Amino acid sequence: MDRRNNQVVSWGTGFVAAFELYDKYPEIETAFQTIITLVLPQMKIQDYLTASPADFFSTISMGIDNVMRYKKETALQQMRRSHGKKKGGKGIHSHKQSIIKPCLRLLADNFYSRRSEKGDVDNAIQFYVHAIQLRPTFADAWTNLANAYTRKGNLSQAAECCHQALALNPHLADAYCNLGDVLKAQGLYREAYSHYLDALNIKPTFANAWNNIAGLLMQWGDFNKAAVYYKEAIKCNPAFYDAHLNLGNLYKVTGMRQDAIVCFQNAARAKPENAVAYGNLGNAYHEQGQLDLAILSYRQAIHCNSSYVEAYNNLGNALKDAGRNEEAIGCYQTCLALQPSHPQALTNLGNVYMESYNWIVCTLQQLGNDIQTAVLRIDPMAADCLVNRGNTFKEAGRITEAIQDYFHAVTIRPTMAEAHANLAAAYKDTGLLEASIISYKQALQLRQDFPEATCNLLHTLQCVCDWDDRAEKFVEMSSLPSVQPFHAIAYPIDSTLALEISRTYAAHYSLVASRFGLPTFTHSYPVPISNDGRTSRLRIGDFGNHPLSHLMGSVFGMHNQDTIEVFCYALSQDDGTEWRQRIRSEAEHFIDVSSMSSDMIAKVINEDKIQVLINLNGYTKGARNEIFALQPAPIQVSYMGFPGTTGADYIDYLVTDEFVSPLKFSHIYSEKLVHLPHCYFVNDYKQKNRDVLGPVCPHKRADYGLPEDKFIFACFNQLYKMDPDIFNTWCNILKRVPNSALWLLRFPAAGEMRLRASLADAISKGVRADQIIFTDVAAKNEHIRRSALADLFLDTPLCNGHTTGTDILWAGLPMITLPLEKMATRVAGSLCLATGFGEEMVVNSLEEYEERAVSLAENPLKLEALTNKLKAVRMTCPLFDTSSMVKNLERAYLHMWNLHCSGRHPQHFKVVVLFSEIVGLDSFNLQYPPCPVSA
C-alpha cells in the first residue's frame, strides 16, 4: 500500500477514535463541538494538510484540553504550532486536501448526527446547516437535516431537504427512508410505504427500511407480515435495537409474552444503556406474573435513566402486586415529584392508599373519586383514570356512572382492551347482555391473551344460551387462571378442576389479606361448652349479605340463647326491606359492617371473641373472603352461600348433607364435611309464606299466556343453568307429549331469542314453536303461587334449582331432577328426598329423566297422587322444618368447638337425629337409600 492509501486509512482510524473519545467521555463533548465549529474553520488548510493523522488528533486532544479551560486562543496556537513544516510532495499534499476536507465535513456531519440522536435537535439542525455550508453538495448532510426537521415537526422543511438530497444523489437509500418518515408523519401511509420500498430496492440490506415497513404493517393490523419484516431488519442488523424492541411490542400485543421477553432482552443487549428496553421487559414480566423479575427490570430502567417516570410508576405497580405497598407508595411519590400531573401515578397512589390504610370504606371511595376527578381536570383525556373512576363507581353500586366513564374511556382510547372489558362487565350487571357480549369481544380482538375477558364472555354467552362451539370454548377455558368459582358451578367441567378454580381464588384472597400487614390474630383459650346451658355460651358469627335473608330470616332469632350467642355481621347496607328489619330485631347482636374496611371487620370479629365464624357468602357477589383469610376466629365454616368447595385452607368445615356431598366425593372438597340430617338447605317458608298454602290460587294460566288444555312442563331456573343436552331432552319430551308446552322464564330476557333459535332444529323434527312459552320474572309470593299452575317441574342437571327448587316444592309442584357429582348438581335431589318422596322425583340418567317426565305426563292419576302427597306434608316434612334445622346446626357448631377444645383437627362428622348423637362419617350407614350417581 502506498503512502497516500496509508494516510487515508490512518485518517479514517483517527476519526473513529475521535468519535469513541467523545462517546466515552461526555464531559469533553462541548469541547469537541467547539473545536469542530470554531477552531478548525480558523485554521489554514496547510496547518492540517501537512500533519500526520496521529499529529492531527494529538493536536485536537490538546485543543480539547485548553478549550475545556476556556482557552480557545491557546488551543488554536497549539494546533497551528504542532504541525511544523510540510512533510510531503505536491502530490501527497493534493491528495490530503482531497481526502481531509471531506473527512472534516464528514466528521462534523457525523458529530451533529450524534447530537440529534441524543435529543439535542435544535443544536443538531444548526450543526447540519454548518456542514452543508462547508459542502453544499453533501447529500448525507441534507438527509440528516431532513431527519432532524422531522423530529422537530417541521415536515415541509424536512421534505425539501429529502428532495434536495435525492437531487444530489438519486441512489441515496437514507433519503428515501427519511422521506418515507416525513410522509408517515403527515398521515400519508401508502406513499410512505412506497418510499420505504424504494430504499430497499436500492439497498436490500437496509435494516431501517425493513423496520419502518413493519411498523406500517403493524399499524394496519397485519401482525404476521409485520413480524416477518422486523425479523428481516434484525437479520440485516442483529444489533438493531429498534427492531428488537418493536418486535417485542408486537409479540406482547398478540399475547406471545415469552417471545416478547426474549426480544426485549435482545434490545437491552443491543443498547444496555437504554432504559426503555428494560421498562418494556419489566412490563412483560409483570404481565406474566413474574414480579421479582419485573421489579429487577424496572430498577435497571431507573438505573439507566433516573428521570424515567413510567419506570417509577410501573415499579410501584409491581411492588403493590407483590404486597410491598410502602415501597410502591415511594415509587409513585417519586414519579409525581418528577411529573406532578402524571395521571396514572396519581390514580395508583390513591388506589394503594385505599388498600393499605384502615379508613372507612365510603370515605375511601369518595377519596378515590376525588383523586380521579383531580386527574381528569389535569388531563380530561386520561382513559386510565376514567376506567379507575368507573371501577370506583361500580364498587359503590353507581353502575350508570361507571358505564359513562367506561364508555368515555373507549371513545378516547378505542384500543384499550381493559376499558372494553370493564364496560362489558358493567353492561352485564345491568342486564344488557347483548351489549356486554359485544364489548367483551372487542376487548378480546384488541388483546387475545386476556383470560378475564375470555372467561367472562363465556359466562355471558352461557347466560343467553349461546352454545356455538361450546365444547371448544370450555376446553380453552379449562386452562385459564381467571375462571370464577361461582361461574364454574354451572360449567360442564371435572370436579377436580372446579376444586382447583376455587383454590386459585382462595389464594388470591390470602394475598389480599396479607397486604393489610396485620399480625396473626390470637384467640381465647378453648374451653368446652355443653349443650345444656350449664357452661358459657358458644359465640357464633353469621357473616353475610342481603340475598340470603329471605331464606334465613328466622334462623338467627331461633337459636337457643341458653347455649348460643349469635352475632350477625351485615355486609350490605340497610335497604329498608322487611327482611333486614326482621333480622335486625330478632338477632341477639346485629352489627352493620358495610362501611368498614375488611381488616377493621376482622378486628371487630376477633374482639367479639367469635368462636365459630360462618361464611354465608362463599364466592357470590359482594363476598369479602379476605376477612376469612385473616382468620379472626379459631373455627371458620362455609354454609349456604356457595354450593361448592371454597378451596380455602382457612375454611375448616362445609355444612352440607350426605346426599349432596357424600363421603365418597370428599376428595373434591378442601373442607371437612359436616352432614346435617335430611337436607342442609335451610328455608323460612313455614314462617313467612304460609299464605300460599290456601286451596285457591289467585292466578290463572291465562294471566301468563299458558293454555288451559295442555300439560305444562316448567323450569324457572336461570337460563345460564341450561345446556344443549337438557334442552334436547326437553324437546324430546315435548315431541312425545304433543299436547304439552314448556314454561320458561325470561331470566334473562336476552336468552329467549337464542333458545328459540336452538329450537329450529327440533321444529324440523316435530316440536312446535308454540310449545315453548316465556314469561317474565315475578315477585317472590307471586312466583311461588303461580308455580302451582304448572303440572311438572323439569330441573337442570348441570346446576339445579336450589332456592327455586325449594319454591316449587313449597308450592306443591313435583319435579324431576338428575344428580351428578358436584355439589350444585345434587341439591335438588336432597330437597326432594327431604319431602319423603324423593324416589319418585330423582332419576339416574337423562334417559330415565325423559322417560319419567313422559310417564308422569301420560299418567295424570299418578302425577296427581304425587302432587297431593307433596302438598300434604309441607307443614310436617323435614325440608320445611326450620326449627329442627337450627337445632341441628347448633349441635354441629358445638361439636366443631369441642373437637377444637380437645386439640383435634377438623374432621368429617354427621349430626344424627335418630340416636341424638354425633358420629364419624366413616362408621355411619345412610338412613335412606342412596340415589345412584349418573355421569
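Just so you know, glycine gets a Cβ as well, placed from its N, Cα and C.
The repeat 'TPR' feature in TrEMBL is assigned to 139-172 (among others).
For 173-206 (among others), the entry in TrEMBL reads repeat 'TPR'. Averaged across the repeat 'TPR' (173-206), pLDDT in this predicted model comes to 84.
Sequence-distant contacts of the repeat 'TPR' (207-240) (same chain, six or more residues past either end, CB-CB distance under 8 Å): 173-174, 176-177, 180-181, 184, 189, 192-193, 196-197, 199-200, 246-247, 250-251, 253-254, 266, 270. Marked as repeat 'TPR' by TrEMBL: 207-240 (among others).
Among the features that TrEMBL reports, repeat 'TPR' is placed at 241-274 (among others). Sequence-distant contacts of the repeat 'TPR' (241-274) (same chain, six or more residues past either end, CB-CB distance under 8 Å): 207, 210-211, 214-215, 218, 223, 226-227, 230-231, 233-234, 280-281, 283-285, 287-288, 300, 304, 447-449.
Using a Cβ-Cβ cut-off under 8 Å and counting only residues 6 or more beyond its ends in the same chain, the repeat 'TPR' (275-308) has close neighbours at 241, 244-245, 248-249, 252, 257-258, 260-261, 264-265, 267-268, 314-315, 317-319, 321-322, 338. Positions annotated as repeat 'TPR' by TrEMBL: 275-308 (among others).
Within the chain carrying the repeat 'TPR' (309-342), a Cβ under 8 angstroms from the stretch's Cβ atoms is held by residues 275, 278-279, 282-283, 286, 291-292, 294-295, 298-299, 301-302, 348-349, 351-353, 355-356, 375, 378-379, 511, 514-515, 517, all 6 or more beyond its ends. Taken from TrEMBL, the feature repeat 'TPR' covers 309-342 (among others).
TrEMBL lists 383-416 (among others) with the feature repeat 'TPR'.
Counting only same-chain residues 6+ beyond the ends of the repeat 'TPR' (417-450), those with a CB under 8 A from a CB of the stretch are 253-255, 257, 383, 386-387, 390-391, 394, 399-400, 402-403, 406-407, 409-410, 456-457, 460-461, 463-464, 466, 748-750. Positions annotated as repeat 'TPR' by TrEMBL: 417-450 (among others).
Positions annotated as domain 'O-GlcNAc transferase C-terminal' by TrEMBL: 465-688 (among others).
The domain 'O-GlcNAc transferase C-terminal' annotation in TrEMBL covers 700-888 (among others).
Listed as Cβ neighbours of the repeat 'TPR' (173-206) (distance under 8 Å, sequence separation of 6 or more from its ends, same chain) are residues 139-140, 142-143, 146-147, 150, 153, 155, 158-159, 162-163, 165-166, 212-213, 216, 219-220, 236.
In terms of DSSP secondary structure, the repeat 'TPR' (173-206) contains 27 helix, 0 strand, 7 coil.
Secondary structure counts, DSSP: the repeat 'TPR' (139-172) has 28 helix, 0 strand, 6 coil.
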